[in-house]
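Enquirer: To start, I am sharing the structure in question, which I have written as structure tokens.
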Amino acid sequence: MADSLDHAPAQANNLPQFLALTIGSIGVVYGDIGTSPLYAFREALRPFGPGGVGRDEVIGLVSLVLWTLTAIVTIKYVLFLLRADNDGEGGTLSLLALLLKKGTKYPVLMFFAGVLGAALFIGDAMITPALSVLSAVEGLKLVAPALHDYVLPISVVIILLLFAVQSRGTGAVSVFFGPITLVWFLVMAAAGVAHIGDDLAILSAFNPLNAIGFLWNAGLIGFIVLGAIFLTVTGAEALYADLGHFGRHSIQAAWFAVVFPALALNYLGQGALVLSHPDAISNPFFLMFPNWALLPMVILATAGTIIASQSVITGAFSLIRQAIHLGFLPRFEICYTSETQTGQIYLPLVNTILLTGVLALMLMFGSSEALAPAYGVSITGAMVIDTILAFEFVRRQWGWPALTAIAVLLPLFSLELIFLGANLFKIHHGGYVPILIAGTLIMMMWTWRKGVSLLREKTARQDVPLDQFIATVERKSEHAPVEVPGTAIFLTATPDTTPAVLLHNIKHNHVLHQHNVIMTIKTAKVPYVPEKDRYTITKLSDRFSLLELRFGFMDDQNVSRALVRCRKEGFRFEIMSTSFYLGRRKLIADPRSGLPQWQDKLFIAMADSAIDPTEYFHLPANRVVELGEQVII
């Protein structure tokens with residue numbers, strides 16, 4: 001597996017590489033937003049009912065779609081937020097890590113904002129596969145109405161297969177994601193062009209006054225429709241989250257050259273079709289195609305939705321890994337499915353949770369029409385969070401005056417709040433789902449942070465300063481522990497205090513190794529730490545050294561590999577004659593200790609679900625010694 005230098009944020013050094021990154025970004029970054037035409041315009045028309053939508057309403061709706069894509073995706077994400085990176089990496093937690101590193105006047109507010117944004121993204125990762133796959137497979141009802149009852153079972157089978165192959169990695173098939181999605185966008189654009197001629201009046205949708213006029217005249221229905229309009233930009237947050245994988249210029253080029261034109265043409269074509277054939281309101285996307293093309297389009301749409309689903313699943317894995325490394329969640333098992341790309345990971349527990357959530361949503365709602373209202377809340381919430389974090393970023397990182405930041409971001413923030421309000425109208429129609437998912441994840445992250453903090457406070461009362469301990473054991477005395485040959489490495493989170501496992505080893509075994517290394521592992525608030533900055537070794541005495549290993553929150557925290565690097569550069573020890581001492585705590589709940597009983601039990605359950613440090617840090621299992629203790633929390 002390559003080191004972190006091989007996984008720096010993507011940059012194109014020549015034209016072929018730039019084109020490869022651009023096509024790749026079309027598949028991974030834009031897969032989600034590319035499937036929105038399947039259902040977004042249909043859902044926007046739904047409040048008017050069959051035959052209840054007039055020409056002005058159709059043109060106004062398409063105008064709203066075009067200008068929402070322009071304001072939210074083009075201006076906010078493609079032109080602005082892609083520049084707000086943390087050493088080339090984007091995403092909510094990456095931006096939060098940068099703000100916490102730089103310092104902010106509102107650390108608690110920023111923490112909760114970042115965690116809420118991440119939690120909403122996990123909700124999105126459950127809803128996107130369910131909604132997009134259902135939307136694609138529902139096209140079968142137009143091919144053969146008798147297949148109506150088979151839509152849900154077929155969709156469930158596709159989802160089961162999709163999650164079943166996650167453990168094998170997607171490296172082998174991901175090379176096809178970009179080309180397949182490129183074909184999808186080109187077909188959508190061609191379909192749009194073919195139908196714009198049905199009624200050229202649709203071209204007046206480019207005039208933003210039509211969007212404003214629609215909202216002014218439609219009243220409450222217009223406000224409710226905004227929730228469906230926002231479905232056209234679902235997946236825009238992936239632009240920012242995938243910044244490190246493809247680079248800003250490739251993502252921007254893909255948007256302006258392919259994605260935006262294809263989406264605009266397709267929505268214009270759907271609008272023209274509805275103007276000329278009002279009965280097409282039931283499913284304007286698939287009704288753009290002749291009967292002979294319906295089955296191929298269902299197959300292509302299904303492939304596109306699988307790619308979109310894969311993108312958010314991969315994004316969820318990456319986000320949870322960031323949360324683990326930043327200390328927001330316990331250490332879950334992380335499997336690397338590629339020998340060359342640390343970004344290709346698989347988290348078994350997270351995969352199971354996502355699969356369970358997706359299947360539950362599909363079985364609970366049964367159709368894309370019923371599930372669509374649940375989608376907008378998570379996306380609008382995540383985008384509002386991005387804007388809040390971006391406001392603090394431009395002030396701290398770019399040095400913008402407060403008035404300048406307000407002038408630039410307030411219009412976007414206000415627009416997103418309006419969309420959020422429109423989506424909140426759908427809470428009783430399924431909008432509660434992402435709120436419940438986000439609330440559960442926030443509760444877990446907050447409980448973990450509080451529990452870890454309380455645990456540190458309790459153990460700190462028994463801590464022995466490391467310098468004091470070394471002075472004591474180095475002193476010649478008849479009670480001094482027996483020295484044994486070899487090297488012992490003791491893992492600790494607090495390098496200035498004596499590891500509890502070291503104290504227990506002396507207390508119970510009465511021995512001290514010839515060489516003792518106090519090792520601490522730090523996660524920097526940057527995505528990757530260069531190998532030259534990976535470690536620092538400090539000699540404390542003849543028998544004691546302090547080793548600090550540093551990893552970025554996107555790095556594979558492979559301690560064995562880092563130690564090999566240390567050995568090459570002068571840190572002398574034999575890995576197979578070295579013992580790694582780890583402490584294992586048995587947590588006992590006590591409602592009087594600082595946490596409510598329910599939170600105590602949740603924290604202990606989360607701690608018990610964490611992967612063994614031996615596996616997580618890639619330590620040689622046959623060289624690990626564990627000593628346990630009970631802690632009341």
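Including glycine, each Cβ sits where the backbone N, Cα and C put it.
According to Swiss-Prot, the record shows the following:
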- 61-81: transmembrane segment (TRANSMEM)
- 107-127: transmembrane segment (TRANSMEM)
- 143-163: transmembrane segment (TRANSMEM)
- 173-193: transmembrane segment (TRANSMEM)
- 211-231: transmembrane segment (TRANSMEM)
- 255-275: transmembrane segment (TRANSMEM)
- 287-307: transmembrane segment (TRANSMEM)
- 345-365: transmembrane segment (TRANSMEM)
- 371-391: transmembrane segment (TRANSMEM)
- 402-422: transmembrane segment (TRANSMEM)
- 427-447: transmembrane segment (TRANSMEM)
Enquirer: Quick one: find which recorded stretch in 143-163, 371-391, 402-422 has the most Cβ pairs under 8 Å with the transmembrane segment (287-307).
Expert: 143-163
Enquirer: Counting only pairs at least 6 apart in sequence, do the transmembrane segment (402-422) and the transmembrane segment (61-81) share 3+ Cβ pairs under 8 Å?
Expert: yes
Enquirer: Could you check whether the transmembrane segment (173-193) packs against the transmembrane segment (143-163) - three or more CB pairs closer than 8 Å, residues at least 6 apart in sequence?
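Expert: They are not in contact.
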Enquirer: Determine which residues of the chain contact the transmembrane segment (427-447) at the Cβ level, with the cut-off under 8 Å and only residues 6 or more beyond its ends counted.
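Expert: Result: 112, 115-116, 118-120, 122-124, 126-127, 323, 328-329, 357, 361, 365, 370-378, 381, 595, 599, 602-603, 606.
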Enquirer: So if I exclude everything within five residues of the ends of the transmembrane segment (255-275), which remaining residues of that chain have a CB under 8 angstroms from its CBs? That is, six or more out.
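Expert: Long-range Cβ neighbours of the transmembrane segment (255-275): 22, 26, 30, 33-34, 36-37, 41, 45, 53, 55, 58-59, 61-62, 65-66, 69, 73-74, 78, 182, 185-186, 188-189, 191-203, 205, 232, 239, 281, 284-285, 287-288.
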Enquirer: Do any residues of this chain, six or more beyond the ends of the transmembrane segment (345-365), have a C-beta under 8 angstroms from a C-beta of it, and if so which?
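Expert: Beyond its ends, the transmembrane segment (345-365) has Cβ neighbours at 125-127, 129-130, 134, 152, 155-156, 159-160, 163, 166-167, 169, 313, 316-318, 320-321, 332-337, 371, 374, 430, 433, 437, 609.
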